[in-house]
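As C-alpha cells, the structure follows; a few thoughts come after it.
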C-alpha cells in the first residue's frame, strides 16, 4: 500500500501546497487503492479516474504558477455519495430506476467541491434512495466493512465510510436523514458530521425526506472533517430551506480543541440513550469516553429527554410520508427507467410496471407506509400526531441545552452487525437508528467520533456529540479534544 494514502487530508493539502507532493500523485494513489481493494469492499458505484486526474492537474498547475489555491483542501481527492447530482458521472441513488441516469446539473455541494479544487474520485454506494442502515438495500450489491468483510459498514452512506476506512479516499461526502453519516462513521472508526439542517444546501441532493435530509462531511480526523465542512456549508438561494446565517468557525474550533482543554464546557448525557438494549462493549466504551471528557475538564451531568422514547415511531411515520410524496416523481415519463413502453400498455400500466421493477423492497415498503399515513382517514391519527411528537422532541433538546453546551450518547446500540443478519427484519433494522434519528427530527447538529474498539468483538464504536442548531463549532471543539486525548487507533487495514 502506498503510504501517501494513509496521510490525513490536512497534511496532504499542506504538502501539495509546498510542492512536496502533487495532487496527481495523491489522486493516482487513491485510484490505485480503489482498483486494488474495491472488488473486496464495493465502496464505489462509479469511479471517475480521468475526471479526477484532470481536476488534480489543474491544482498542480496553479501550485507551479504560484497562484493562490482556492481552498485549504485544494488537490485532496474525495469520494461523493451517489445521492448528489453530477453532470459528468451517473447519479443512481443506489436504485435500478435511475441506472445510468446523468443529471443535467451539478448539486450545489458538487459545485462547491469543484470550486475548492477537490478532485472527485467517483460516486459511492448507498442504500437505495438513502433508505436503510446497512447499505444492503443498494440495487448494485452491498458494501462490506473494511474492519470485517462479513459485517455491514452501516447505512445509508456505507460506501463513503468504507472508502475512508479502506484508505481509498481521505475525504468523503454523505447525507444524513436519520443517521446515515454518523452511524456508518461509528461502525468504521471514521468521523462523520450532520450539520445543522439548512446550513448545507440540498439543491441537487436527491430527496428522500426533505425535512430531514442534510448533506455533511466525513473524514478520518476531526480537523479534516471541519475543513471539508467549511467548504460545503453556506447559504444557497436555490434551496428554499437554506439558512441565511454565518457558517460557524468549525475549523478554528477543531484547532482549539486539539489543545485538550474542556474546562467550562457543560456536557449532558441523555438518560434515554443510556442503559438497556445496548451491547455491553458499546456501553463500556461510552462510559470510558464520558470519563475522558470529565478528565479534560468538562462538567458532566445527566439530562432528561422524555419524548425520545417516541422518536422512532414518529420518525417512521414522518419519513415514509415524505418518501411517498418525493418518489412520486419517478413515474417513467420524465427520466430514468421505463418498462413496457412498447405501445401495448397504457401510461398508467407503464408507470406501474416501471415502479415495480425499479424500486427495491424497502423503498416500496416505505412508500406504502407513507401513502397510508397520508390517506384522508388516517392523516390526523398518524402524520399529524407524529409531527406533534417531533415538536416535543425538539423542545426536550432545547430544554437540555439551557443547562449544557453539548449532549453525548453512543452513536449506535451495537457494533457492526453481520451481512444478512437484519435484512429480513425491518423493525430490527429501524431500531439500529435509535441513537441518531432524534437529532434529525429536531434539526440540530451532531458528530460521531471514534471512541475505540469494543471488547466484545474488537469492532469500532462511536461517540455521538450533539449541539444546538447553528452551534456546529461546539461539536468540533469537543470532538477534537476527545480525539486528541483518546490517542491514535489502529486502522482497519
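A Cβ is built for glycine as well, from the same backbone N, Cα and C atoms used for every other residue.
The active site, charge relay system annotation in Swiss-Prot covers 81, 156 and is backed by sequence analysis. According to Swiss-Prot, the active site, acyl-ester intermediate annotation covers 180.
Recorded residues residue 156 (active site, charge relay system) and residue 180 (active site, acyl-ester intermediate) have their alpha carbons 5 Å apart, per Cα-Cα distance. The two recorded residues, residue 81 (active site, charge relay system) and residue 180 (active site, acyl-ester intermediate), show a Cα separation of 11 Å. Cβ contacts within 10 Å of residue 81 (active site, charge relay system), excluding its own Cβ and spanning all protein chains shown: 31.
Long-range Cβ proximity for residue 180 (active site, acyl-ester intermediate), meaning a same-chain Cβ under 8 A and a gap of 6 or more residues, is found for 126, 127, 130, 155, 156, 157, 174. The Cβ of residue 156 (active site, charge relay system) has 34 neighbouring Cβ atoms from other residues within 10 Å, across all protein chains displayed.
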